[in-house]
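Q: So TrEMBL has the following annotated:
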DOMAIN    26-476  domain 'Major facilitator superfamily (MFS) profile'
TRANSMEM  19-39  transmembrane segment
TRANSMEM  81-101  transmembrane segment
TRANSMEM  113-135  transmembrane segment
TRANSMEM  141-158  transmembrane segment
TRANSMEM  170-191  transmembrane segment
TRANSMEM  203-222  transmembrane segment
TRANSMEM  285-309  transmembrane segment
TRANSMEM  321-343  transmembrane segment
TRANSMEM  350-372  transmembrane segment
TRANSMEM  384-410  transmembrane segment
TRANSMEM  422-446  transmembrane segment
TRANSMEM  452-472  transmembrane segment
């Protein structure tokens, strides 16, 4: 086939087991890291649209809001200090992700989850109690540390705990939790903005402490994955007991043997970051960079971070803007839940393609409406405002069915064990770099590009949809230990895998 293959599951038929309550409960605890991540994404956009918060920490923006008739609709919130409040979380997460990689590789997935939970807990407490801009930003930075550790460890943990044929659904649980976190943040912002005295933003910033406490305490009771036990402790008997417990059967020898074989191969690799740049790992390296990059330039974080501000830009009031953010949160969470149900039946490539087309069409239509009907100082009519909201919901649904969950799932399942921690670090780092860039520049881009910003992101969606169609092979139902076969059989990537193998044998083709 010209564009890739649908691989057969070379080993999954030999693996016994079922979904047990033990693995479900363990995965729920771990996936709470996604709730906190989503909450921190969703809370910032609502908080920075609240007048009391702006008046206390960003008086320049508050002043511009009161003179909105003199300023373009697209430029009211253009402030580098204001965007630093949002983006500081992601630059801190970037740095923390590199620290998290050796911890995850050497000590296991569970310690990284615990560290992430503690950082989330302290950061949310500081944010809720902030009395000045420095305390506020310090809280966001600590939340970023939590993001770096949790996003490094949780997707790996979920992939390794899940049976191969259900791995997609389990891993999408992380993205589902991100969506739940965004939705809960939107609901809370809508509720607390009505509190008299203007201190509702403190509740919004502090409430992340609740799931952070659950994650931190729960992580102490999580079992380490069999992959991790074999990799860093060489404890085959303990790994076998864990496998028996999470699979609900005593017959796990076939899976254990594959894990040991993969671990022996990985232990020969002393410097995984040097290994991952080798030619035979070129497919994984390219995907570890491009998938998180593409995920960010879909423009989704424009909606997640700044939905209330964006809705105010098109003429909705503060309360209506926060409620509109709730609506998009409900749509996103519902679509992610649907993705969880179908990902291991439909496949990754089909979901990427359909979601990409859905996002592209909706972005183009939004851009046209805003260019023709809004302008610098106009206000959309109620009908057009509702139409834009519907189109944004269609866009969010498309993302939540494709690049949202699959942007986490595919990178977590394509790396062989010897480069898995390095590959996941690169994926998290690239994602955080471009999340930071988008968060830091969006309000300025909105001011300068105006409605053209939707065409900008739409062009990237078109590019990534074509890329996936031609260059991403299907990974559905293939055990992680046997993932190398998809690259050997792919029309494009096989030249890298086979050439490297021939080189290692001492001859060339």
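Heads up, the Cβ atoms here are built off N, Cα and C, so glycines get one too.
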Q: Take the transmembrane segment (170-191) and find every residue of the same chain, 6 or more past its ends, with a Cβ under 8 Å from one of its Cβ atoms.
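A: For the transmembrane segment (170-191), the far contacts come to 27-28, 31-43, 46-47, 50, 154-155, 158-159, 161-162, 200, 203-204, 207, 211, 304, 307-308, 319, 322-323, 325-326, 328-330, 332-333, 336-337, 339-340, 343, 400, 404-409, 412-413.
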Q: Which bits of the chain, at least 6 residues beyond where the transmembrane segment (203-222) starts or stops, bring a Cβ under 8 A of a Cβ in it?
A: 26, 29-30, 32-33, 35-36, 39-40, 43, 46-47, 110, 113-114, 116-118, 120-121, 123-125, 127-130, 139, 143, 146, 150, 157, 181, 185, 188-189, 192, 195
Q: Of the stretches 19-39, 141-158, 384-410, 422-446, 452-472, which racks up the most C-beta pairs under 8 Å with the transmembrane segment (113-135)?
A: 141-158
Q: The transmembrane segment (452-472) vs the transmembrane segment (19-39): three or more C-beta pairs under 8 Å (separation of 6 or more)?
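A: Not in contact, no.
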Q: Under 8 angstroms, Cβ to Cβ: which one of 19-39, 321-343, 384-410, 422-446 has the largest number of such pairs with the transmembrane segment (350-372)?
A: 384-410
